[in-house]
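See structure below.
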Amino acid sequence: MEYLLSIDQGTTSSRATLYAASGESLATASRPLAQHYPNPGWVEHDPQEIWEGQLACITEAVAKAGIAPSQIAGVGITNQRETTVVWERETGLPLHRAIVWQDRRTAELTESLKEQGLEAMVRERTGLLLDPYFSASKLCWLLDRVDGLRQRAERGEVCFGTVDSWLMFKLSGGKSHLTDISNASRTMLFNINTLEWDEELLRLFRIPRGMLPEVRGSAAGFGHTSGEVAGAEIHIAGVAGDQQAALFGQGCFAPGMAKATFGTGAFVVMNSGARPGVGDGALSTIAWQLPGEAVQYALEGSIFIAGAAVQWLQEGLGLIGNAREVEVLAASVPDSGGVYFVPALSGLGTPYWDPYARGVVAGLTRGSTKAHLARAALEAIAFQTLDAIRAMEQASGIALKELRVDGGAAANNLLLQIQADLLGVPVLRPRCTESTSLGAAFLAGIGAGVLDTSAIAAQWALDRRFEPQMERERREELHRGWQKCVRLSLGWEKN
């Protein structure tokens, strides 16, 4: 049997899973990851905790599976993207806490660049909007604020990387300073047209070229683990950012195929084929590059509050005792009774990109109940997904035929039925909803030569298909009501 090890580094946990090449999960181990909030809007991780947690997970998962590390054909890595790590090249020691993708400390810098009229240039080269979300402004902040860091970086003593780079450096015993093309595309320093680090963007953000990792295809081979670290020299065979890995794990290999991952937030990603999509609301990014093949691009929609809206019903309002109760409560009424909830609790993402938007509950009457608000919260997740997909359809010129889903909230049958009704296309839930981890394993399988995309596509198995049951006129009527409420929320904090 061929074994594949998937290393999945999330925002709140570290996880390692051992798979058979068939996609069967054999053993898994996880550790929580602490988040640090030194100032309002700041979010940090300890890179050493990331590394030590992953090492413990790898050791535990391999032991649970009862195999020797030497039996593993390939390691795949997937990770929270954009999170920025700097470390000393010689010792491998971190020089600052990692600045997490959620961190907003560089808002003034990105706003200033917008005011200088630079967003169109950045968008054309990277597919991304000028926003603190991405790595470039975070790295610029570190170079400016950490004493002596810029000078050391210019002397070649400092490495920068996203979390995949950090883990590869540590796993290889300091031999591999690499990243994959999907993670590079989230830094705002990588040109998605020329497929190179962009010299003009490096000058704009004042980043020394020598601190950047080498960029490789997603299954191109990334060296080997150190025998001292992992117990054997294992091929690091596949790497992708978490959302790209989930798209791959869902078998979305053809243009127009899309997946939505429902977690605290939600990410909707559509395969857009061999050319970047162009549109106002959706981000254009690189999905992956396989050996001997052209780069595959993707369109992405970011939804900041999805499952977190249900969490707010529980913790903020006390309407439910736990997240699982929301489905039963929402199903106790046939609709939301005209109640809308725009969960702009930390701004709105795709396609609005408004950090100043704030939450709105509208349409309340004397007959409104907590069940109506619970249903409105589920509808809010589905409406936001609809908005993101419409932006992607406009950018790609491709009409969505079905949506594959994963993540924790994909267990909510009512949510998925509402989603199908509002989209007007089937929503498909696979048997395995750990698509991110599985996608990293599949990329490792391709890199190790034990899998190909046709074998992966054949392994995708349906758990349940949700068919739309709502008339188009009713769907559009509900969406107009949603858009009216969104307009109320936009710019609220600024105005």
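The first residue you see is number 1, and the count goes up from there.
Note: Cβ is positioned from N, Cα and C throughout, glycine not excepted.
Taken straight from Swiss-Prot:
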- Thr11, Arg15, Thr264, Gly307, Gly408, Asn412: ADP binding site (BINDING)
- Thr11, Arg81, Glu82, Tyr133, Asp242: sn-glycerol 3-phosphate binding site (BINDING)
- Thr11, Thr12, Ser13, Thr264, Gly307, Gln311, Gly408: ATP binding site (BINDING)
- Arg81, Glu82, Tyr133, Asp242, Gln243: glycerol binding site (BINDING)
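Distribution of Swiss-Prot features across the structure.
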residue	record	CB count, 10 Å
Thr12	ATP binding site	12
Arg15	ADP binding site	22
Arg81	sn-glycerol 3-phosphate binding site	24
Glu82	sn-glycerol 3-phosphate binding site	25
Tyr133	sn-glycerol 3-phosphate binding site	24
Asp242	sn-glycerol 3-phosphate binding site	27
Gln243	glycerol binding site	26
Thr264	ADP binding site	19
Gly408	ADP binding site	14
Asn412	ADP binding site	24
Secondary-structure category, per DSSP, in which Arg15 (ADP binding site) falls: strand
Shortest C-alpha distance to Thr12 (ATP binding site) - which of the binding-site residues Gln243, Thr264, Gly307: Thr264
Arg81, Thr264, Gly307, Asn412 filtered to the binding-site residues whose C-alpha is within 10 Å of Gln243 (glycerol binding site): Arg81
DSSP three-state assignment (helix, strand or coil) for Tyr133 (sn-glycerol 3-phosphate binding site): coil
When distances run from the Cα of Asp242 (sn-glycerol 3-phosphate binding site) to each of the binding-site residues Thr11, Ser13, Arg15, Gln311, Gly408, the nearest one: Thr11
Arg81 (sn-glycerol 3-phosphate binding site) versus Gly408 (ADP binding site) - Cα distance in angstrom: 19
Chain-internal residues, separated by at least six, CB under 8 A from Ser13 (ATP binding site): Ser30, Arg31, Pro32, Leu33
Sn-glycerol 3-phosphate site span - longest C-alpha distance across Thr11, Arg81, Glu82, Tyr133, Asp242, in Å: 15
